Each structure stands twice: as C-alpha cells, then as structure tokens.
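Trainee: I'd like to ask some things about the structure below.
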Amino acid sequence: MTAHEAMSGRAVAILAPRGRDASVARDLLTGEGIAAFVVDSLEQLAAAVQDDLGAVLLTEESLAGPEEAALRKAVAAQPIWSDLPFIVLTNGGSGARTDATRARIDALGNAVLIARPLHADTLLRAARSALDARRRQFEARLRMDELHRREADLRESESKFHAITDFIDQMVWSTLPDGYHDYYNRRWYEFTGMPDGSTDGEAWNGVFHPEDQDRAWDSWRHSLETGDPYEIEYRLRHRSGEYRWVLGRAQPVRGEDGAILRWYGTCTDIHDEVLARDETLARSRAERDVLWNGARDLFAIIGADGVYRDVNPRWTDVLGYAPDELIGHHFDVVIHDEDVPRAHEKFAAVVADRPIFDLLLRIRRKDGGYLEVEWNAGKDGDSVFASGRDVTERMRRKAALVASEAALRQSQKLETIGQLTGGVAHDFNNLLMAIRSSLDLLGSRLDPDDGRAIALLDNARTAAMRGASLTQRMLAFARKQELDAAAVDVAVLLPGLKDLIARSIGPQIAIELQISPDVPPAFVDANQLEMAILNLAVNARDAMDGEGRLEIGLARTVVNEAEGAILSLKPGAYVRIDVTDTGAGMDTATLAQAMEPFFTTKGVGEGTGLGLSMVHGLAAQSGGTFRMDSTPGVGTTAKLYLPVAATPAAPATVPEPTPALTREPSAGARALTVLAVDDDVLVLMGTVGLLEDMGHAVIEASSAHEALNLFEAHPEIDLVVTDQAMPKMTGVELASNLRARRPGIAIILATGYSEMPEGAGGNVSTRLEKPFGPADLTRAIAEVM
C-alpha cells in the first residue's frame, strides 16, 4: 500500500487477527485491482483512519479489543465531509450478537455487515460499493475546499471593497439581480442619518423627495427589466432634513452566460452643482428672453412636422401676427404661393441635418402685403430653429442700384451717341450752310420771269430746309439745340394741342386726357414740348396700326432719393407727362434701343428714327428725363419728366405776325467792312456772297490765325462774322484775342449748336445759328450794329 493509493480513496484497510481471513481478503481484492493492506490492531487501524482511507474491512471480533475506544475516537473526529465506509465480517445472524457488539458496530457509523463464510462476489460488491461512496465523499471534499477558498476570496474581496467604499465621498450600494438592496457604504448612512440596515430591501425609497419618488422608481424598474444602465437625478433627504440633489447611477455585473449577478450603484451629491446649473440656466434663459424679445430678426421654433412651436414678438412688429395666430399652424401659411415649393425643399434639408443660409422668401404680412425675408435655419433635436431678417429695403436698394447702373450705362451710351450725332449735325450744318447761301445767291441772280428755274430753285431750298430740320432733331438729341425755356402751363397746353394730335393720328384712335388738378407749370420750351408730344402721339399711332386708345396723362410727382438714383434725377417735384397706347408693345431688347438716334422699327422710308431721340434730348436739356415702359401685346407708356418752374406761367397770348425780312439793308443802314472767318471754304464762300449782296465790303480768312493778321492789317474792319468750331483756335478764342486788340469790335459767332460756348459771354456780341439765310444774317447785323 502506497501513500498515493491511501490518499486516493481507493485503498482498503483489513483487520482480521484470527485465521486466514486477512490474507484471503487482501488477495481477493488486489486480484481485482483494488488496493488493500492489512493492519494488526485497532490502534493501527485508528491511525490509518487519519490517512483518508477508501474503506475498512474488519471482523466482528476485532472490535472487542482494548483499543476500540481509539478507533471510535478516530471515527468521530472525521471532517464533516467524511463518512468512512466499514465492511464488518460477522459470525452469524444478528440474534447471536450481544448488545455490546451492536453498540461497537453502531459506533462505526457507515457500516455494512457481511456474514461468514466469506464469499468472493459478496465481498467484491461490498468493497466496490464502499469505494464508490468514498470517492464521492472525496469529490465533495474537493468541492467544499474550492467553495471555502472562494468564500475566503469573496470575504477578502468584500472586505477590501467595503474598506474602499467606506472611505470615498460617494454613496455606494449594491443589490441582488431582482433589485433587493443588500449593501450600503458608510457614506450612505452618514448622508441619510439612517441606522445601519434600516434601508435594506425596498425600505430605502422612504428617503426620496415625494415629487421624485415615482420618477426614480420607474427608471429603476426599467433598468431591472432591460438591464440598461441606470442614471437619474433626484432629491434625497439629508440627515439635516433638507432634500439635496444627487446623481444616481448603477451598472449590472454579468456572469459568463450574460445573466445579471449583481447591481452596483452610486449616489453623488450634486446639489451645489445643480443650484449653480439652475442659476446659469435661469440667467441663460433671461438672456435668451432678452435676445428673443428684443431682436430685430424674426425667430421661430418649428417642429419636424413643419408646425410653429414658438415665435418671438418681432413677428408682431414686422408682420402684424400675434404669436397665437401662428403657433400650431404650418410654417407655409405665411409664405408666398410661388415660394412654397422651394421652402418645403429647404425645410426637408434642415430636418435631414443640412442647415440652410440666406434663403430668400416672400412672407405675407397680416395686411396682405409681402416682405422679402432672408432665412437661416438649423436643427437641434426634434426642433428646427430659424431666424429671418427683413431685407425688403436692401433688396429694393439693390434693385435700384442695378437699375441705376443700367440707366447710367444707357445714359453714357446715349451721351456718346449724342456727341457723335452732334458732330455729324455740325458738319452737315456746314454743308447745308454752303448749299443754302449758294441757293440764296443764285436766286438773287436769276431772271424773275424764268418760272422753271425759280421752281427748281425753290425745290432745292425746300430740300435744304428739310435737311436743316433733320439736323435740328439730331442736335435736339445731342442737347445742343437752342431752347427758349420758360414757365409753361402744360395743363393749358395739352387741351389746345388735342385737335392737332387728333388730325395727326386719325379718327380711329380715341384720345383721352387725364389731367390732375393743381399741376404746377413746367420749365420747358413750349414749342419743343408740343413737337415732342406730337412725336409721341404719332409713334403711338404707328404702334397701334391706326386703331386703339391714346391716353395722355399729366400730374405732379415727387421723386425721392432712391427714385432719383434710378431716373438720374435730383430729388424734388416734377411735372410728368405720360403718353400711353394700346399698341403692340416692345420687348426688352427693342426697348433698350428705342431712344437711340436712327433706330426705328418702321419700314424703309417710313421714319427717320429721330423722334424719340429728340424727346430724350429735350427732357435731358430741360433738366428732366425720359423713360419708357412697354409690355409686348399690351402697349407702351412714355414718361416725360420736366422740372417745375420757379415762376408762374405767363398768360397765353396770340403772337402778332412779324414783317418779312428783306435781304437789302434797311434804309439808312451803312455799308460795312466785314471780316468773315470760317475754315470750311464752301461755307466761307456762301457767307461772303451774302454779305456782298447786302452791299458790305468783305475780307476773307480761312483760319483764326489768318484772321488775327488781317485784323491787324485792316483797322477799317467794322464787324467780324466767325465760325466757332475751327482747328487750333475756336471762334470764342478768336473773339477774345480781337477784343483784347479792340474792345469795342462787334463780333457775330456762327454755330450750329444751341448754346453759347463757354467764354463767349464778354467777347461775342450775338450768336447766329447755322444754317442761316440772308434774313437771319441781316437781323444779326442789325442787332450788333
């Protein structure tokens, strides 16, 4: 028998002091692979009991020895897990057994009796059964040892856990999987002032604030049912009686199979933090309220469903809606119908966490008008926060700026064209001057009885006059025509002009005058204004194809600074004449060119394209402006702005006929020595011829420098007739030089422009407009001489 076998619980100790029972039993057991050894006495057997035997085989009579007490003591001293099996070989039936023998056998505890004679099968079955039972005892011992070790470890761990939790500032607790509270640390009892153990189980809910009780328990039950971590703020009763805010948290501890073994939780005193947070929140809310209530922008909180949850008071100030008129309604109730689809699209983007910026929408005021509002919006949680700024005025200014820039470009374009047109008209005037003066000279030399020659001459003069009229229109556009501006009562002028307009446009067009009361007089050339209105009426007739309605409106209008920027006018009062037709109208491209000279929509030979240009030039030269609005298929409105006159209009008078001028000098007029100056040889020839026909002596100069030299050489010169536009030295500059040499010399300045050039004031006696005839020249000479 080895120590290992003895310790394994498989060895059988045999005590059979008489006969061969011991050796027979040992041989039988070992022959079946069961370890067995023989002891000689109860004392040896008692000692073997301490060696964790598998079983004991002994004879009934061996128990009667003096050492039986030692065996009984050893059996009684077995650990709690051990119940050593005994197999007792008896001498026969139980009736022959004495009470003492039965007592000794009972003292063994776990004993099985086998009667002699000994049978091998019986012994083997008994031995195997005893060893199986003993093995299970050893296994139980191992489990108990492991359990004791774990209990020791757990006690040590809990001891450390309690030592740690008792010295931290947080309240710590634990529960069983069902939520039964079985542990609180020292800090819990210090905080609550409750006796130890008094809050175990569910008794702890008595320390909740009544307002927080149900909420905290609902959250705790949810965590117990789902296994979700527990976290909530609530108020617990402090030992002082005050309720203080704490943060309760708990996490489950799970086994390998995922089942919850325990819950460990903490309660942290956050009362001061909550008060500070509430104070900060209250301050933030107060600041938000100041911003919310005092902002210049529209603020709105909108649910993901598009329904207003709140709006700030600015909605009332800007749009006229009280908050309760919007809250609960969809945001699109105040959006212009045309903008609703775009608003829905952008709102969907915000709900999808894509903020929007600078979204321009037309928002309806309560009074039915619309404002242009620029929106920014973003999402937070399930709410959309939007801010809108009224940019109506900004957009109006932007549009005004665009219009003003367009008007400036158009004005610059027309100015450039006007300069070109004025130059062309000036050169054309020189040609007409040469033609007209030559025709006049030729007429004075023709036989008065030659009717055919006289007729041809008159035709040529008529053509020259038509050319002069054309140049006047060109000069009108270039703002270089001569204007006789005065205070004109347009309210009187228009009715007097109605019959002439009617004859000019035909009976199929109805004429309607819309004259507002108390229209002040306009400062304008009355004759040129009549021509302008007549031009507009004829244009309207052509646009209506001879049939329709012509409305001429007259009113006083005030132009503010913004409108003035668009119209290129100074702010102030103006007289406005509107000529509206029901014709075909013009598209944008045509309207942009309508006032350009020589532009016309009429057929070849049906118009010069100078009518609207002349109106534009008159308006600009008078200090006003000319604008046109047109819609294809609807008609056109021409708007003529004229400055208000500073003085009342003079009463209308019927002019007396002026006696016809002759080309002969008036009675008593003396012959003069005239210095004629012009760089254009043809014009110079015509002027010289006219002067000579009048009986004057003429000295010719083809440049200003030549004129100066001739003036020095001929002190007898009485009068100088000079052109203005000459190279190197203009007519005004020549006049200045001449007046420096002889201050009293009479000087006539011949020019095709309507205004006296700069510097002419003290140096030029009068202005003679080209092209001129003998009567014009005679009148000018009479004026200065």
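Cβ atoms are placed via backbone N, Cα and C, with glycine included.
No curator has checked TrEMBL annotations; they are predicted automatically.
Copying in the features that TrEMBL gives for the protein in this structure:
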DOMAIN    230-282  domain 'PAC'
DOMAIN    284-354  domain 'PAS'
DOMAIN    423-646  domain 'Histidine kinase'
DOMAIN    673-785  domain 'Response regulatory'
MOD_RES   Asp723  4-aspartylphosphate
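I'd like to know what surrounds each of these features in this structure.
Mentor: Confidence across the domain 'PAC' (230-282), taken as the mean pLDDT and rounded to a whole number, stands at 93.
Across the domain 'Response regulatory' (673-785), DSSP helix (H, G, I), strand (E, B) and coil residues number 45 helix, 25 strand, 43 coil.
For Asp723 (4-aspartylphosphate), the same-chain residues lying six or more positions away in sequence with a CB closer than 8 A to its CB are Val677, Asp678, Asp679, Asp680, Val683, Gly731, Ala750, Thr751.
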Trainee: Quick check on the domain 'PAS' (284-354): DSSP residue counts for helix, strand, coil, in that order please.
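Mentor: Its residues divide into 39 helix, 13 strand, 19 coil.
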Trainee: For the domain 'PAC' (230-282), how many residues does DSSP put in helix, in strand and in coil?
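Mentor: Here the numbers are 12 helix, 30 strand, 11 coil.
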